[in-house]
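> Please read through the structure below; I'll follow up with questions.
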Amino acid sequence: MREQRRLNLINSHLLSRFPALPFDDSLSKYRERTENINSDVLFHTYFINWSHSLLRIRSMMLQSPLFNKYNDIDLPLETRRLRCIEQIAALYFQYGINLQKDLEDPHRIAQLFHSVGEYDLAISTKLTVTLFLYADTIRSVGTAKHLPLVERVFDMKDVGSISMTEMGHGSNVPNVETTATYDHSTREFIINTPTATSAKWIIGGVGKTSNMTALFARLIVDSVDRGVHVFAIKIRDNDTHEPMPGVTIGDCGLKIALNGIDNGFLIFKNYRVPYDTLLDKLSSISPDGKFKSSIKSKEKRLGIIISGIIRGRISVIGGCEIHMRKALTIALRYGALRKQFGKKDSPETSLLDYQIHQSRLLPHLAKLFAIRTGMIYVMELYNPVKAKAEVDPECNELNEYHAILSCLKSLGSIYATSAVQDCRETCGGHGFLACSALGNIRNEQDCHPTWEGDNIILLQQCGKVILKQVQHTFKGEKIKNPNLLYLDVDFEHLKTYKAHFENRETLLNQRLLIELMEYKVNYVINQSLVALRDNAAVYSDVMDVWNNTQVHYIQEIGKAYGEYICTMQLWKFVQTLAEKCQKTANIVKNIFYLYVVERIEKQLGIYLEHAFNAAQAKIVRDTELFLCQELRDISIRIIDAITVPDQFLGSVIGEADGQAYAKIVRYVESDPTTYSKPEWLPILKKIKSTKA
């Protein structure tokens with residue numbers, strides 16, 4: 001069928017039944033409205049230390065027939081998984097995945113994953129699961145004896161997975177039901193999933209591929225539950241690929257998207273594994289059968305264990321950025337070439353020239369840059385935080401890093417989900433075609449709000465870390481978190497603060513805009529503390545107090561904190577650009593302005609309480625629309641500079657040459673059934689005859 005479609009694609013170009021479509025220069029003319037920006041400077045600054053590696057990996061994939069998004073549109077499930085493995089094999093041998101190189105530069109392999117994710121997130125996810133989640137868990141809470149397991153996955157002798165989620169437990173990891181009962185007579189652990197809800201569920205790579213897994217299970221020693229620990233265990237025989245005796249493995253089947261990943265389930269029945277499968281850096285069992293742990297608290301110990309897989313969360317932020325970038329590429333290009341309505345006796349108007357269209361898309365472009373610079377920030381922090389955590393697993397820096405990752409992962413997925421949906425809608429009916437790629441991008445993005453941590457839970461965790469830091473100040477301690485140094489913990493200034501701007505020109509001031517983002521963080525923290533105090537007088541249980549202070553309060557702390565970080569990092573990005581090309585920096589400065597102004601506009605209620613008056617609120621709204629108009633014409637050149645190759649985009653309406661209509665027709669005519677009679681024609685005739 002697919003080979004036939006390729007032949008038809010050629011024939012349709014030669015023997016089309018559709019009226020001939022002229023060359024469409026609408027997109028190229030839109031580009032010509034403005035002078036070209038320094039796209040090289042923007043590209044290399046946007047991708048910072050990754051840019052040369054990214055170009056090399058892109059080139060490697062573009063030269064391979066395996067990497068063409070148009071060939072992946074309607075693949076059957078098993079064919080899609082086969083293609084994914086073929087693509088991984090090609091990358092493994094060409095790029096040179098190597099443990100020593102990863103130890104020397106942890107970002108090197110992250111660059112590969114992000115670059116490959118531009119083409120297909122399923123490929124990068126399969127690699128992330130085995131080389132980040134599985135391997136990093138072993139490196140984080142294993143000991144020297146476990147390092148050969150890491151070497152084996154980097155050498156592709158093993159394929160790892162991470163079995164945390166169960167049928168009945170996702171975010172609530174402390175209450176997973178899988179047990180690992182220690183048998184001192186044989187010095188083994190007996191693994192069981194004692195209930196239907198304890199089956200390890202929707203585990204990436206387990207369905208068909210993985211032979212190893214990092215299993216999260218409750219450690220039982222002498223009938224005492226010692227909390228959740230991790231065991232690196234074999235689940236399939238290396239030679240036969242059959243499940244090990246006592247292990248049942250199944251495939252979870254078709255998903256909304258990312259079907260190159262074989263998510264599966266695991267059921268254990270009295271499966272015995274040797275003692276050394278326990279990753280025993282934090283806890284161990286002595287030769288005489290006594291449990292020992294350097295971290296006494298079960299909850300704190302589990303928190304440290306989970307912190308070892310933080311590179312997976314960085315990958316999710318990267319995936320959100322890719323989805324936003326691809327969707328905006330399609331929607332902005334299409335918005336420039338697509339014309340509808342217009343003034344009397346004048347040509348039709350490009351969609352992107354309409355204010356309402358600009359206001360739907362261009363704030364997302366600003367958020368794209370914000371989340372990208374936020375991701376750069378967390379990557380810069382990774383190595384120093386990791387080094388400190390290896391010495392002191394309970395260090396404050398690790399808690400702060402977890403809070404930053406939690407809020408930025410949540411923000412990234414919130415931004416991207418909203419952006420992709422708006423991009424789909426602004427492309428109308430053409431955007432609903434599979435060949436637009438927007439449906440697939442949207443479906444892939446749909447996993448991110450709950451993948452690698454549910455957004456709601458992560459925002460709670462971020463808020464909790466920040467509130468604890470604030471509570472310490474009530475005891476006379478100073479805040480050391482560099483992203484909260486502006487915090488005024490008596491909060492008296494909130495009642496007297498007035499923002500000083502009288503017009504657009506005075507509003508568009510970097511220092512003022514940062515000050516307004518600081519104000520928002522102060523405000524939501526203060527409101528949350530007040531709400532917690534008030535709820536403590538209503539509810540007797542601490543959990544009830546906490547749960548009833550989420551909406552409007554604690555959830556907003558993480559969002560405001562993340563947006564402050566993105567604001568600071570986006571301004572830093574503008575300054576870096578200015579050192580290389582002032583003209584390009586001035587353009588991106590408007591992106592910075594739009595990001596902050598739009599974020600303020602969306603929460604004007606906070607500012608109208610004390611900081612703004614009604615006239616200032618109108619200035620904010622008008623300024624947002626002004627900035628959208630300022631960025632309208634140059635937006636195509638901006639997205640051109642940072643987007644993916646057409647071959648990775650796989651969108652007939654979003655390619656760089658702007659020939660959307662001709663390519664839609666060519667793709668539709670390549671389907672061998674386009675002009676055929678339907679197989680269900682007899683049923684239709686029967687219905688008609690019955691009605692007659």
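Including glycine, each Cβ sits where the backbone N, Cα and C put it.
Since we're looking at a predicted model, the values are computed, not measured.
Annotation source TrEMBL lists FAD binding site at Thr165, Gly204. According to TrEMBL, the domain 'Acyl-CoA oxidase C-alpha1' annotation covers 309-466. Taken from TrEMBL, the feature active site, proton acceptor applies to Glu452. Residues or ranges marked as domain 'Acyl-CoA oxidase C-terminal' in TrEMBL: 512-686.
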> At a 10 Å cut-off from the C-beta of Gly204 (FAD binding site), count the other C-beta atoms across all protein chains.
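For Gly204 (FAD binding site), the 10 Å Cβ neighbour count is 25.
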> For the residue listed as 'active site, proton acceptor', what is the secondary structure state per DSSP, taken as helix, strand or coil?
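DSSP assigns the residue listed as 'active site, proton acceptor' to coil.
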> Near Thr165 (FAD binding site), how many other Cβ atoms are within 10 Å of its Cβ?
20
> If one looks at the chain holding the residue listed as 'active site, proton acceptor', which residues at least 6 apart in sequence have a CB under 8 angstroms from its CB?
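Counting only residues 6 or more apart in sequence, the Cβ neighbours of the residue listed as 'active site, proton acceptor' under 8 Å are Gly312, Arg313, Ser315, Val316, Lys409.
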